[in-house]
């Protein structure tokens with residue numbers, strides 16, 4: 001799993017860097033303006049609509065496909081895949097029609113305070129982006145299918161052609177009109193499907209136009225998927241609540257929340273999802289074979305691996321929130337006041353990075369055991385906590401309170417979800433995990449203190465940008481050395497893997 005996760009990370013880096021450039025382009029051409037806020041909401045609407053259906057289906061699809069291959073054969077599993085795709089397209093059609101007929105009420109659901117020009121812009125963009133749910137659904141299912149065939153790198157690269165298209169549409173729309181931005185975004189989503197199709201064909205998959213509602217495996221998947229859909233819906237409610245309350249504060253607050261969420265998503269997508277994507281098909285097979293010991297070992301490895309990457313990144317994001325936002329976005333129409341607002345949001349979102357990262361890992365362990373109810377209940381509880389904290393903290397901290405509320409809710413619910421998993425499968429080497437987490441935390445603190453000191457000392461001498469780059473490099477060195485000195489088992493295993501590869505190359 002480690003080797004696959006590392007390769008996935010390298011592939012994801014390329015895609016995420018382009019995704020980061022997309023945000024930089026948006027900041028340069030639009031800043032935190034009506035268009036940026038409208039575009040953020042217009043992307044959230046299909047994202048939420050699809051999350052209610054596609055993500056739940058994709059999550060339930062992998063363990064059921066594995067079961068069909070065990071109980072029947074690959075041909076039957078592929079027939080099941082066709083059935084799932086066809087039903088998903090039908091559901092997407094119903095949702096698209098509803099949004100196209102009632103765009104204003106839908107937009108109001110996501111941004112209650114939007115009126116006038118910003119509302120009109122959001123509606124215009126949403127008419128384009130909502131059609132993308134068809135292609136997003138196909139990308140999710142095709143990616144899951146390729147993962148089952150042990151093809152992980154190709155699905156991780158789909159963001160590259162997509163982001164290239166979006167970059168062009170952002171630049172072009174600033175000279176023409178927002179319709180170009182909407183159309184370009186739709187085309188970019190479609191390009192992902194075109195990118196995956198040749199690799200799907202290579203697997204031997206042949207699509208069948210069937211709608212078999214009596215398929216016993218479809219019914220089993222629905223039983224798995226419905227709680228996942230409810231749980232993911234609850235997560236999307238978090239986003240809706242944050243953006244709705246932000247829209248009552250100011251238009252800039254909506255834009256700042258969107259930038260903060262996307263940078264947080266950058267970290268989750270780069271580090272967490274690379275590990276989870278490699279882990280899930282493997283533990284799903286273990287779950288179907290009732291190999292609980294193997295599942296526990298893989299879970300522990302995934303928890304430590306995610307922590308090794310996310311904890312130091314979250315510390316650096318907190319320490320360098322303002323200079324990072326300034327370096328990435330402060331140009332064009334994105335000014336210093338925008339930097340101040342967005343950096344505060346990033347700081348408080350960073351606190352919860354590890355919580356949401358580990359929750360993704362633990363949830364997949366439940367899914368592999370065909371238990372989707374427990375993560376659903378956990379997600380609903382997280383929403384309730386988040387809403388209460390958002391209302392309270394936003395009164396005292398403004399938009400920063402929304403980010404802090406989301407972080408606190410994520411951490412609390414991850415702890416309770418882990419406790420639930422331990423009750424379900426028994427001993428999970430908690431002491432060993434906690435020792436490793438303490439060592440990682442200590443290393444991250446040492447790294448953060450060193451990096452902050454370097455930034456403060458060098459900024460007056462070489463300027464903030466160069467000082468930030470040097471500080472990050474020093475941080476990487478300090479973190480790596482302290483991890484090595486702490487003798488964390490997973491770190492030593494990764495080092496041994498690279499040493500063995502080098503020995504193999506030298507012997508050839």
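Even glycines carry a Cβ here, placed using N, Cα and C.
TrEMBL tags one of the stretches 12-32, 180-200 as transmembrane segment, and that stretch is 180-200. For the transmembrane segment (261-281), the residues of the chain that approach it from at least six positions outside its boundaries are 1, 4-5, 8-9, 12-13, 16, 19-20, 23, 62, 66, 147-148, 150, 152, 155-156, 239, 242, 298, 302, 305-306, 309-310, 313-314, 317, 346, 349-350, 353, 356-357, 360-361, 364, 367-368, judged by C-beta separation under 8 angstroms.
Counting Cβ pairs closer than 8 Å to the transmembrane segment (402-421), the top stretch among 123-145, 221-241, 379-396, 465-486 is 379-396. Long-range contacts of the transmembrane segment (379-396) within its own chain (CB-CB distance under 8 A, at least 6 residues past either end) are made by residues 230-232, 234-235, 237-238, 241-242, 245, 249, 402, 404-406, 408-410, 412-413, 416. By the Cβ criterion (under 8 Å, sequence separation of 6 or more), the transmembrane segment (433-459) is not in contact with the transmembrane segment (340-358), since fewer than 3 such pairs are found. Long-range neighbours of the transmembrane segment (340-358) within the same chain, counting only residues 6 or more positions beyond its ends whose Cβ lies under 8 Å from a Cβ of the stretch, are 32, 252-253, 255-257, 259-261, 263-264, 267-268, 271-272, 303, 306-307, 310-311, 313-315, 317-318, 321-322, 324-326, 329, 399-404, 406-414, 418.
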